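Okay, structure first, notes after.
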């Protein structure tokens, strides 16, 4: 098809058809037997042309520029038309260059649906966009880029205007959508009028955004708002220039205000809950010529209906709190920012001091109100710091980690409360929950409470995620070596009731050996699952963790690991699992990373589990989980019968001793055992099963009587002198360590290989705790039996090698760990 464009000289319009940027020549313009890649039609020309392709919109664009002189001639007020008609269907840009004096500015008025300002690089949904530039002398200032369907109804500019309208090739638009209203001196860069009807939200930017507002300029936004609505202003992105004189600021003119204009810094919280229409002005300054900086501003205006409860205030008393901040924010903050068009919730601490995010600090009292239809969208995040300055004072103080009532009484859900605990060198942190205790959140035993605690220990170089815990478990105490962050996070609405029973406490304690240590008192009616910190990513290299498990009286603990091996290979060092009961003479079970973990076993006393990591050869770290189950001790009837039989034998021996005494009454040195009432006869460990306490009878004291000594007068001459060999059971009264077992030294590896070949003793029963060993010495043996509890120290292998006699009863309690 051919096109004819006829331009009148009086219209002062130029048409330019040229190739689209970046497109190869695949189509040409045929004009008067010539083929061209571009065509320029000047005022007064009449040109007919065709395209050599059927889709010229893929190759060509068009610019139509009209020059208007409002300085020397009459200004064409009224609607601006799209001229000339009959243009080919190409992507086209209409440009109106209007010359005007700075003493008589121009006013552009837009027809409905008005305009909406967009950020540079943003695209309009219908690809129809307006760009407004102000021309003052030879300087050009980009007022902004706009789409249709917005609130900007008028723009007044100082000096001339360059107005651009971009239309896609298939746009049905046939009018420009604006007119030149009049000329008026405004004495500032520009005035932008915005009309907001009903609940709405708009975003506006300063001229030349984001490159910078002109130096020492002034501009104004006029907001027309129904008197029945409330408006709030929020600055989202701004920067300041380097001023030599004056000060950059914003000024508000609010009808009815007692201090118009109200002046604010850009860093201040801007006015909110404004009744009716108002003006906002941005004032620049004289900038430093060497380093001018950039003044820019992007802000939002939100218009809402007045809220029913806007006059309802809530008292937040933080006057007695210390080093604490409370932030009220919308759900998802800070990662999620609501869409600008969404109705928002405002938090106010004054008649017009409102914001979507409000932070309150300790040491003050606040009266806050909410401009929000749905308070369920709001959340509270609080943070409190606790540090130790004076070691002598802070070691004696116990801190309660409780959510203050000033927070729980607000009609807003608590999202998170964070305690940051700072410990000086050589001082560690202890967390306890005396009444509720804590449960570790593990896959086999998930927390189902309305809140949980996330505990993180921050070392100088690494961060150890101790785990997630909730109330109602078996962990009484957690000790950590470094600074600790505890985050209480809520789930659902049940926290308001459950928070009344919080009992988490913190104190500063002396230096501990491991990175982290747990004290666990298992629930007799449930399994307790425990796992290493940093789950599932694994312990950091060279970190050691300990658990101290309390076993109640008359119960036995069953300890088992969830897998057979540690599952790592060490590059440097060795990884160990150490298990040891807290009793005299208990053996320590040690497994390296290249060995099988211990099989499930019974533990009859309080015991330690220690896990020490090495530096693995790959990214896989050490992760271990174990469980502890309590059960009542089973009474072994065979052992009870053995005890009764032993008592009968002792009675017979006692009768024999009495007879010998009568016969040898005249002897100066009777060959009998002597009861020593100064010996501490209290055995270590738990009480036995006897109804009468062993402290109250003498069933636990036995004189070891040597047959050779009793009947020595028959074996030796009457003038011989033999000293009686008497021994009394002496229980172990040495110190019992309170520290967890340590990883064995490298020299222990050889001993470990030797001990691994020995057969483990049979399981213990409850009766084993009250039986003791008696050895009858054969003639010719050394008479010095000694204290078996000290020499043998629970090692049955030494007993069997050093004493060939057959014992009546064995003390199995000191044989170490058994499966």
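Cβ atoms here come from the backbone N, Cα and C positions, even for glycine.
Since the structure is predicted, the reported quantities are computational estimates derived from the model, not experimental observations.
Noted in TrEMBL for the protein shown:
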{"type": "COMPBIAS", "residues": "748-757", "note": "compositional bias 'Basic and acidic residues'"}
{"type": "COMPBIAS", "residues": "788-801", "note": "compositional bias 'Basic and acidic residues'"}
{"type": "COMPBIAS", "residues": "810-819", "note": "compositional bias 'Basic and acidic residues'"}
{"type": "DOMAIN", "residues": "3-70", "note": "domain 'CDCP1 first CUB'"}
{"type": "DOMAIN", "residues": "79-182", "note": "domain 'CDCP1 second and fifth CUB'"}
{"type": "DOMAIN", "residues": "188-291", "note": "domain 'CDCP1 third and sixth CUB'"}
{"type": "DOMAIN", "residues": "315-403", "note": "domain 'CDCP1 fourth CUB'"}
{"type": "DOMAIN", "residues": "410-500", "note": "domain 'CDCP1 second and fifth CUB'"}
{"type": "DOMAIN", "residues": "514-625", "note": "domain 'CDCP1 third and sixth CUB'"}
{"type": "REGION", "residues": "733-819", "note": "region 'Disordered'"}
{"type": "TRANSMEM", "residues": "637-660", "note": "transmembrane segment"}
What stretch of 79-182, 315-403, 410-500 shows the most Cβ pairs under 8 Å to the domain 'CDCP1 third and sixth CUB' (188-291)?
79-182
Which residue counts does DSSP yield for the domain 'CDCP1 fourth CUB' (315-403) in the helix, strand and coil classes, in that order?
7 helix, 40 strand, 42 coil
Give the residue counts of the domain 'CDCP1 second and fifth CUB' (410-500) per reduced DSSP state, in the order helix, strand, coil.
6 helix, 52 strand, 33 coil
Helix, strand and coil residues within the domain 'CDCP1 second and fifth CUB' (79-182) as assigned by DSSP:
0 helix, 62 strand, 42 coil
Three-state composition of the domain 'CDCP1 third and sixth CUB' (514-625), taking helix and strand from DSSP:
0 helix, 50 strand, 62 coil
Let's see if you can do this one: DSSP helix, strand and coil counts over the domain 'CDCP1 third and sixth CUB' (188-291), in that order.
0 helix, 53 strand, 51 coil
In the predicted model, what is the mean pLDDT computed over the domain 'CDCP1 third and sixth CUB' (188-291)?
93
